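*Asks:* Per TrEMBL, domain 'Malic enzyme N-terminal' is recorded for 78-259. The active site, proton donor feature in TrEMBL is assigned to Y101. Residues or ranges marked as (S)-malate binding site by TrEMBL: R155, N410, N454. For K173, the entry in TrEMBL reads active site, proton acceptor. Residues annotated as divalent metal cation binding site in TrEMBL: E244, D245, D268. Summarising the annotation, TrEMBL assigns domain 'Malic enzyme NAD-binding' to 269-523.
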Amino acid sequence: MPDSVKNCPADGGAPLTWNPVLNRGTNFSRAERQEKHLRGLLPPRVESLDVQAERVMVQLREEAHTALAKYGILMQLASTNSTLFYAVMERNLVELMPVVYTPTVGEACVKYDRIYRTDLGMYFSAFHDRGAFANLVANCPLPDVKIVVVTDGGRVLGLGDLGTNGMGISVGKIALYVAGGGFAPDSSLPVALDCGTDRAELLESKFYLGEKQPRIRGEEQLAIVEELCEAIAARWPGCLIQFEDFQTEAAFAILERMRERVLCFNDDIQGTGAVVLSGFVNGMKAQGTDMRDVRVVFYGAGSSAAGVAAMIASLIKTYGVSEQEAYQAIYMVDSKGLITSTRGDKLPAHKVPFARRDGTPDMKNLKDILAHVKPHALFGLSGQGPSFFQEHVEEVCRHHDHPLIFPLSNPTSKAEITAEQAYTWSDGKCIFAAGSPFDPVQYKGRTYVPGQGNNVFVFPGLGFGAVSVRARYVPDEFLVQSALAVAEFVTVEEAAAGRVYPDLGALREVSLAVATRVAECAFDMGIAQIERPDDIRQFLADRMWTPSAATTLQSKL
């Protein structure tokens, strides 16, 4: 028997091609194929990463006829060759982000139990695994996880309780942490925490992948999340845990309990707040409005709305305004109307700081509220779909030349107003940005390019900066600094022209800027746990993972 056969492992090179982190497919060189026993397991031709990526884009553009079909191709690729998946993502981010994240991920989550093909993360069951989460974490083959995105699927985008179908959100967020923020694929982990579901069609579906039990809530759920966080922190010290799409009351309670015990944050509350704050800053610059004079109406009063409002109030305070006055700049509207202290109902804790205490009359009709407040900005975070109509747009334009109109609910079907409606009804005067992408609008011979206030401008860089300096926790200051870093990517001239967010194609550069500001803040606050580098920006840039660098590293394995 030839020595080459004697030295070949019993399973040949299959384990290498079966491992999505190590597999490079046709990109393996002839020498690597010989050394790693891959000959015969791959097509004969050796291809560059560029050619491989081009083939994937041909498949997406020519063979996939729906956004969900494209999503399926990309998820299959992620499960077999993560280097190629992220090379495709990084080079075509503007085109593909709406596929792996909002709006397509919304449809993918609704149908996740039916389109499921393979595991792309970890599942923890509150019904079968409680008390053994540490053992499950130990089963993970990734030795050094730096970022975990965990959801219980309680409130996925504007789609409600989707249970374990919410795994699609964790997978999508992790894809953006890597493609946009520089985390390595083998240090990034999507997680679904199964706490049950109250959605009847899922409980009745034979394909549903979670436990068919009513949703666990309250203190019992808090204890379950606490156990999971402690297990993650024990296995991977310094790992950042991002909470995603928990129901509003649970989201606030979890964040309050865990935020200084482990490195964690809630993107729905804090990340949304930061990204909207950055657009708000640029919008006020474009209007020429003094921060001490601003008035903002929020349509929707859930966790995201409260997070955004709190972030804006924090910024206003820095202009020499008292905390009470800063919060009174916010007019928050829920399903019962304007939130006031005299309305007569018991308010959840997260709404209390925004209740009007200045004699503002109780009002339910949005047009009446807008006429009374004369807001500089109207933000939609209701998740209810079309809610801002012509009378509302004309009312805000009656008081300001360039009002901000931000329908921030996701996915696109849940947006409070479309870009075309906003530009048409405002006669092209409004400054528009949405949570999901909208196509450019032609109006009276001019092309308007809608902004997208997507959290992706914040969370990848915030996470990378916090993890890289081993921050002890994520304070609110990190979010404010992230928002300011994003805002600075837009010039005064661009803001005046109605553009309040950076180009998505510059996401890596934006993330590096955000990470740098976060790292500097951590050192200034004394919560970084490494020695301060001479050049923080370069320190971070050197640590950002790229697909091309991965091929060089893997070739040495």
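Every residue, even glycine, has its Cβ placed from backbone N, Cα and C.
Caution: TrEMBL annotation is automatic and unverified by curators.
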*Asks:* Which of the recorded positions Y101, K173, E244, D245, D268 has its Cα closest in space to the Cα of R155 ((S)-malate binding site)?
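*Replies:* Checked the recorded positions Y101, K173, E244, D245, D268; minimum Cα distance to R155 ((S)-malate binding site) goes to D245.
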*Asks:* Need this for a regression test: binding-site residues D245, D268, N410, N454, filtered to those with Cα within 10 Å of K173 (active site, proton acceptor). What's left?
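*Replies:* For K173 (active site, proton acceptor), the binding-site residues whose Cα atoms are within 10 Å come to none.
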*Asks:* Along the domain 'Malic enzyme NAD-binding' (269-523), what average pLDDT does this model show?
*Replies:* 94
*Asks:* Give the number of CB atoms, excluding that of the residue listed as 'active site, proton acceptor' itself, located within 10 Å of its CB.
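*Replies:* Result for the residue listed as 'active site, proton acceptor': 29 other Cβ atoms within 10 Å.
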*Asks:* How big is the Cα-to-Cα gap, in Å, between the residue listed as 'active site, proton donor' and D268 (divalent metal cation binding site)?
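*Replies:* About 14 Å separates the two Cα atoms.
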*Asks:* Which residues, sitting 6 or more apart from D245 (divalent metal cation binding site) on the same chain, put a CB under 8 Å from its CB?
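*Replies:* Correct list: T151, D152, G153, G154, R155, V156, L157, G166, I169, D268.
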*Asks:* Same chain only, sequence gap of 6 or more: which residues have a CB within under 8 Å of the CB of E244 (divalent metal cation binding site)?
*Replies:* V149, V150, T151, G166, I169, S170, K173, N266, D267, D268
*Asks:* Given the divalent metal cation site residues E244, D245, D268, which other residues of that chain have a Cβ within 8 Å of the mean position of their Cβ atoms, reported in sequence order?
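*Replies:* So the extra residues in range turn out to be T151, R155, V156, I169, F243, F246, A251, N266, D267.
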*Asks:* Which value in Å gives the longest Cα to Cα span across the (S)-malate site residues R155, N410, N454 as recorded?
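*Replies:* 18 Å is the greatest Cα spacing among the residues binding (S)-malate.
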